[in-house]
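Residues or ranges marked as domain 'Fumarylacetoacetase N-terminal' by TrEMBL: B:31-129. Summarising the annotation, TrEMBL assigns Ca(2+) binding site to B:ASP137, B:GLU208, B:GLU210, B:ASP242. What TrEMBL records for B:139-428 is domain 'Fumarylacetoacetase-like C-terminal'. Under the heading substrate binding site, TrEMBL lists B:PHE139, B:ARG153, B:GLN249, B:TYR253, B:THR369. Taken from TrEMBL, the feature active site, proton acceptor covers B:HIS144. What TrEMBL lists as region 'Disordered' is B:178-199. Marked as Mg(2+) binding site by TrEMBL: B:ASP242, B:LYS262, B:THR266.
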There are 2 protein chains.
Amino acid sequence: MPNIALDASHDASRRSWVPSANQASTDFPIQNLPYGIFRLAADDGTPRGGVAIGDHILDVSAVAPLLGEAQALGALLAAPTLQPLMSLSPGAWTALRLALSNLLSAGHGEHRRAEHHLHAMSSVEMFLPAKPGGFVDFFASIQHATNAGRTFRPDNPLLPNYKYVPIAYNGRTSTIGVGGEVRRPRGQTRSAGEDAPSFGPSRRLDFEAELGVFLGGHSVQGEPVPLARAWQHVFGFCLLNDWSARDIQAWEYQPLGPFLGKSFATTISPWVVTVDALRPFRVPVRARPDGDPAPLPYLADDEDQATGAVDIVLETRLATARMRQQGSEAVRLGRASTRELYWSVGQMVAHHTSNGCSIEAGDLYGSGTVSDDDESGLGSLLEISRAGARSLKLPSGEQRTFLEDGDEVTMTGRCIRDGFVPIGFGRCVGRILPALAG
Amino acid sequence: MPNIALDASHDASRRSWVPSANQASTDFPIQNLPYGIFRLAADDGTPRGGVAIGDHILDVSAVAPLLGEAQALGALLAAPTLQPLMSLSPGAWTALRLALSNLLSAGHGEHRRAEHHLHAMSSVEMFLPAKPGGFVDFFASIQHATNAGRTFRPDNPLLPNYKYVPIAYNGRTSTIGVGGEVRRPRGQTRSAGEDAPSFGPSRRLDFEAELGVFLGGHSVQGEPVPLARAWQHVFGFCLLNDWSARDIQAWEYQPLGPFLGKSFATTISPWVVTVDALRPFRVPVRARPDGDPAPLPYLADDEDQATGAVDIVLETRLATARMRQQGSEAVRLGRASTRELYWSVGQMVAHHTSNGCSIEAGDLYGSGTVSDDDESGLGSLLEISRAGARSLKLPSGEQRTFLEDGDEVTMTGRCIRDGFVPIGFGRCVGRILPALAG
């Protein structure tokens, strides 16, 4: 078991005075306490920060006076973004978590006063937890990199830099949202055998199941963050669907990488599960297979190897319009754990800042599509359909290679470990709207 | 001559009561009036918006009461960013420009009151004009794309998508600054003939001379901005040096494009020259050579072809530490006009939003390195040195293939046309600091 300190907030016997938080099926027991930005649907007020507890949200800044020494920290959640909280350091994050855990614990004396500031999740509207200044999308699953590369280079799927460089590119921040509808993009594509491209709706629209990482604190331009200090800059995690138009991407991406094939939309889950909540689920980074090179020194750290991975099982489900009409359950497309990633989150931070690039509170990373070695563990339709060569059969009698209009993709994430209360990430949902008329 | 409306602010006979604005050599005559964010070096106050006039800066919000109907617009420049002004529309931008032009005109009755809010440029500190939410770097010079491609593919330098797609990638916003020192990045590089990479200071550090474009207004996610309306979203232009570590870039860029080879620093000039100031210098987009495909319909517009280019001559100069010590003048590395670009700024906006990607006030575009057909018109050392194969001889007796520590790169930009007062962009300066010790 990794040497990660736990505290009373992780205690499996701790229960909340919010009844729904004590149900085994909830994603949000008192051991989780993820943050999000919400507004009462019936309310015109500014969005503000809340913490999820069972099927409710506690308005954190409203209960700040009940948080003792963490009062000033709680008051930061009056802002319409978590950035003021994210800009602090791990000590502050832990202090606020402990104060909220205590306030929400069964038997707390201020239970009645806090209850006034508890809102049913069904009554609120959720917003982006933070407006990222930068969005970096990694490519950290070697299985995904291999599967995706195989569609272009069957005999040599992995490029020579993969096992040395935590490959990444910069994504677009203006189109990151917390769910809802995603308009099918139009763009330039070129069909096989044609000389010239044409412009129209993407016909190879895909999802990518990723882990999102919100950074905290900041670093100074010109000064790398060493791997040993990388986790001080990790605030928390969310689910991330990196929608991809494979046909647009294939035509545009040489030589400068993905652009319009990705920038039309990125959907994240509205709840940010903190690093503290995930402490019980830290595991060793997956051992590199024999023959793989060791990471270069700036990416090597014994403690990171021992504790740098997180065991979050991501699942993606699909429900077509017809399936929803028929009342049939969404089908599972893939299920894989982020513990399988070739590169750790710490290595991502160390690499990203190794050239002196500065990071800022609210910066978002995507892990890259999370796929594992198993046929049931694929995180994109590109992989599931073998780049469109194989159709997925659905209970409605429909088939899919890529996404059709009306399809709804739902990601979930869950952490389970003996002796601990399971925690989850809520849902990351997006539904495909038809392209605009040309 | 393109059909672009001019007004009294462009009149060559208009002179200012600020004497230095009337000198032929100034970049900032009354016909220019670029905006920037400044603070008095001696002052602790918040940075705020100013307009350059000769060798002075007028504190715009301080003189707002003198701006008549544009008072509320001028008051927006009390902010430490131009984003509030950028978020408006062309009508507002023109109104503020005309009011400032009138106030600064020789003979204006409020001359004495305005003069109190005029500060010598030598006494102020300049800041980023806006913190871009997104930074998109294009590749719009076909000469540069060809020269750069030749280093990898001598017989086939241009990829098949180039003449159809305004190629671009997302850059990093956190490391954009208005000049000063740039720390040489460290990173992974792999020398020719070696199997494994090593980590250390970049040995192929380069500049890229680009035009920067600040966007204004905003667009709705899912709704493309058509080419015919693209210029409504262009606020103004600056100089942009896209520092590049060629060795880091070469090893990392497959398959997702440039990342750490670019993200360590981007330097822009502190002054944003407005679209209005550049009206006299709009020219037809360079005709495509016979045999090139026509742009696809979403990138084709007669008016854009007739008026979509801007004739800004960019020059880059180099002064090494030894040259500065010897008192020798900086040598010119390259000189080329942005009128040569293969893709217009309007086409960039139309392409960028064609998939529904939204744009926001303060978004920054880079044009990509501006090179022309001439040996004297190359915008990077990669091109000048033929990827390091040829040394540049300097008056100090030194030679250069790529940048050495202590080298200072200065970009300037100037617009000249018969019958109009020339305007300029000021300077975009960066000096290379040695890499941090490993």
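Along the chain as shown, residues are numbered 1 onward.
Placed from the backbone N, Cα and C atoms, the Cβ positions cover glycine too.
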(request) Would you mind listing the long-range same-chain contacts of the region 'Disordered' (B:178-199), meaning Cβ under 8 Å and 6+ residues beyond its ends? (result) 126-129, 205, 243, 245, 247-248, 250-252, 260-261, 264-265, 267-270, 405, 427-436, 438
(request) Please list residues from the chain of B:THR369 (substrate binding site) whose Cβ is under 8 angstroms from its Cβ, counting only those at least six apart in sequence. (result) B:SER141, B:HIS144, B:ALA148, B:GLU208, B:ALA209, B:GLU210, B:ASP242, B:GLY379, B:SER380, B:GLU383
(request) Return the binding-site residues from the list B:PHE139, B:ARG153, B:GLU208, B:GLN249 for which some CB of chain A is under 8 Å from the residue's own CB; sequence order; 'none' if the set is empty. (result) B:PHE139
(message) Among all protein chains shown, how many Cβ atoms are found within 10 Å of the Cβ of B:GLN249 (substrate binding site), not counting that one?
(response) 21
(message) For a quick check of understanding: among the recorded positions B:HIS144, B:ARG153, which residue's Cβ has the most other Cβ atoms within 10 Å?
(response) B:HIS144
(request) Can you see whether DSSP assigns B:LYS262 (Mg(2+) binding site) to helix, strand or coil? (result) helix
(request) Could you please provide the mean pLDDT value for the domain 'Fumarylacetoacetase N-terminal' (B:31-129)? (result) 96
(message) Can you give me the Cα-Cα distance between B:LYS262 (Mg(2+) binding site) and B:GLN249 (substrate binding site) in Å, rounded to a whole number?
(response) 7
(message) Other residues near the Mg(2+) site, CB within 8 A of the CB centroid of B:ASP242, B:LYS262, B:THR266?
(response) B:ASP137, B:GLY171, B:ARG172, B:GLU208, B:LEU240, B:ASN241, B:TRP243, B:SER244, B:SER263, B:ALA265, B:GLY366
(request) On the DSSP side of things, how many residues of the region 'Disordered' (B:178-199) fall into helix, strand and coil, could you say? (result) 0 helix, 10 strand, 12 coil
